[in-house]
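> Got a structure for you, written out below as structure tokens; questions coming shortly.
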Amino acid sequence: MTEATQPRPRPKLPVQQLAILGKIDAVPGTCPPARVPDADHAPLTSLVAVVARLAEPLAYTSIYPYLPEMMRDFGIPQDEVAKWAGLTTAIFAVSQGLAALPWGRASDRYGRKPILLCGLVSTMVCFLVWGVSTSLPMAMAARAVQGAGNGNVAIIRTIVAEIVPEKELRPRAFSIMPLVWSLGAVLGPAFGGFLAQPARKYPDLFGNVEFFKRFPYALPNLVATVFFLISAATAFLFLKESLPVKRDERDWGLELGSRLTRAIRRKPPRVRPGLASADGEAATPDPSPKKPAPPGTSPKMREALTRQTVINLVTYTILSLHSLAFDQNITVFLNYPVMKHTPENTRYPFYFNGGFGLKSNKIGSIFAIYGITCGVIQFVLYPPLVKRFGILRCWQVCSVTIPFVYILTPYTSLFPTEGTRLAAVIIVLMIKGLVTIVAFPCITILLTNSCESTYVLGTVNGLGTSFSGFARAIGPASTGLAFSWGAKHGYIVSAYFFLALASAAGAVPGFFIRDGDGPAIDGVLSNASAIADVSDDDVDAAAPLLGRTRKQGTTYNATDAQQR
């Protein structure tokens with residue numbers, strides 16, 4: 001068979017790098033990993049990689065259960081808690097939105113990895129300051145700096161798009177990407193709710209610790225710091241640069257990580273320069289001098305903003321607005337006192353008041369159930385749904401379902417007993433989890449596919465983060481104001497009807513979206529080496545750090561991705 005007629009190898013997901021960015025070790029649809037004789041420590045490395053990516057979701061979601069109580073400890077009246085909780089969330093999103101585009105353009109110029117590391121370290125420091133905040137201005141300042149210092153949402157999305165250039169693999173890659181995030185979203189609210197105010201909740205353990213009496217919300221943030229340290233170290237040592245013009249530059253972190261990996265192996269690996277690993281990625285670049293890559297340049301804005309890209313950005317922005325606003329405001333609703341309904345204060349279907357009266361530990365448990373549901377949906381339901389109905393159809397169905405979920409939410413407080421109320425709100429949260437967990441990867445893939453070149457991916461994802469940042473500011477702030485107004489005037493439904501209107505408006509532009517072919521690959525990527533002539537020992541030596549060797553696998557040349 002001639003080279004021209006030889007079938008092209010089937011593309012495979014770059015499992016190792018996806019895991020470091022926030023994936024789980026088991027990838028749906030891939031072959032089971034072969035046992036690596038020399039990688040007895042690979043499971044440990046895999047565990048470290050999974051734990052590492054827990055940091056951000058764990059820390060971000062840990063504040064939700066105790067945020068209403070924290071606002072009250074700052075002296076905020078009960079009816080104003082929703083407003084100030086929303087504004088605290090909003091100021092983070094505003095600063096993140098202002099800084100996201102500069103971070104995205106910086107990653108286009110200087111590389112993805114250094115910008116990702118800067119974001120991790122900045123976020124870690126700001127969470128420590130947030131945990132020891134003793135006043136509302138101090139807490140809001142910490143949130144503002146935290147948002148401005150982290151552009152990792154766009155950076156990670158860009159990296160995934162670059163290391164998975166094949167359009168047919170992107171649905172699986174983007175569905176795998178949030179799995180560890182969901183795990184963090186399970187653990188975050190749980191330990192945030194249980195570890196906040198430790199001196200008050202656990203007097204036998206922390207009652208005599210003056211530090212936790214003075215700073216009742218420091219403990220969950222101190223725990224999160226450990227995960228941030230692991231996350232930054234793992235990314236520094238094992239994450240490969242994905243920007244094409246920076247891939248061949250020397251990476252001191254990868255070299256150190258390679259040495260550490262060799263140190264824990266029984267047999268030192270023999271890696272040839274330029275050897276591709278078994279998951280289709282290049283091994284650590286050879287530190288010998290190479291021809292320098294051309295300096296990175298930032299793309300022009302008009303090259304990034306095509307008609308379809310603009311429509312996708314608008315749709316993604318509105319989805320971010322109402323989804324985050326709901327997740328933040330529902331904790332206030334769950335914490336709001338239960339009201340006894342009488343003919344004087346209740347006129348159905350709109351005029352009634354009252355919440356659930358739950359404390360932070362119960363709110364944390366509810367969010368843990370919510371997070372588990374989201375993880376199951378991502379892993380089990382999302383891939384077959386997309387395969388059966390397609391990215392665009394799944395997005396359109398989800399976008400018209402979300403408004404009804406928001407409308408139903410306030411009526412869950414009308415059930416007569418606490419058990420029935422909790423059951424009702426958990427069912428609503430599960431439905432919300434289903435539609436948003438399917439919707440977000442779909443619109444992210446559609447946004448990526450609207451780009452005409454990888455050259456503009458960082459800029460487009462930076463724009464997406466900027467716009468969604470402003471939406472995540474407007475959403476919680478406006479929803480908090482609507483909730484506070486409704487709580488004062490007896491219309492607790494006001495906030496959720498507002499979200500329903502916003503989500504209905506966001507569904508309209510989604511029907512003008514067309515699924516594009518995805519960005520063309522600019523330049524020759526560094527994972528173009530073949531391993532057909534490499535011995536089994538060398539393949540074992542070049543095994544991914546997560547131990548996912550496929551001896552019968554092939555290495556995919558990324559530059560062939562567009563030759564369909």
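Every residue, even glycine, has its Cβ placed from backbone N, Cα and C.
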> Which one of these stretches, 94-111, 454-471, 472-489, 526-543, shows up in TrEMBL as transmembrane segment?
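The range carrying the transmembrane segment annotation in TrEMBL is 454-471.
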> Can you work out which residues elsewhere in the same chain, 6+ from the ends of the transmembrane segment (394-411), have a Cβ less than 8 Å from its Cβ atoms?
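Sequence-remote neighbours of the transmembrane segment (394-411) are 315, 319, 322-323, 326, 330, 333, 385-386, 425, 428, 431-432, 435-436, 438-439, 442-443, 446, 492-493, 495-497, 499-501, 503-504, 506-507, 510-511, 513.
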> Output the single range from 144-164, 217-239, 491-513 maximising the number of Cβ pairs under 8 Å to the transmembrane segment (115-132).
217-239
> Averaged over the domain 'Major facilitator superfamily (MFS) profile' (45-518), what pLDDT does the prediction give?
81
> Hey, would you say the transmembrane segment (363-382) packs against the transmembrane segment (423-447), going by three or more CB pairs under 8 A that are 6+ residues apart?
yes
> Below 8 angstroms Cβ to Cβ, which residues of this chain, lying six or more residues outside the transmembrane segment (491-513), approach it?
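For the transmembrane segment (491-513), the far contacts come to 82, 308, 311-312, 314-315, 318-319, 321-322, 325-326, 329, 333, 336, 350-355, 392, 395-396, 399-400, 402-404, 406-407, 409-411, 413, 443, 446, 475, 478-480, 482-483, 485.
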> Near the transmembrane segment (309-326), which same-chain residues lie under 8 Å Cβ to Cβ, leaving out any that are not at least 6 residues past its ends?
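86, 89, 93, 399, 402, 406, 409, 432, 436, 439-440, 443-444, 446-447, 450-451, 460, 463-464, 467-468, 470-472, 474-476, 478-479, 496, 499, 502-503, 505-506, 509-510, 512-513.
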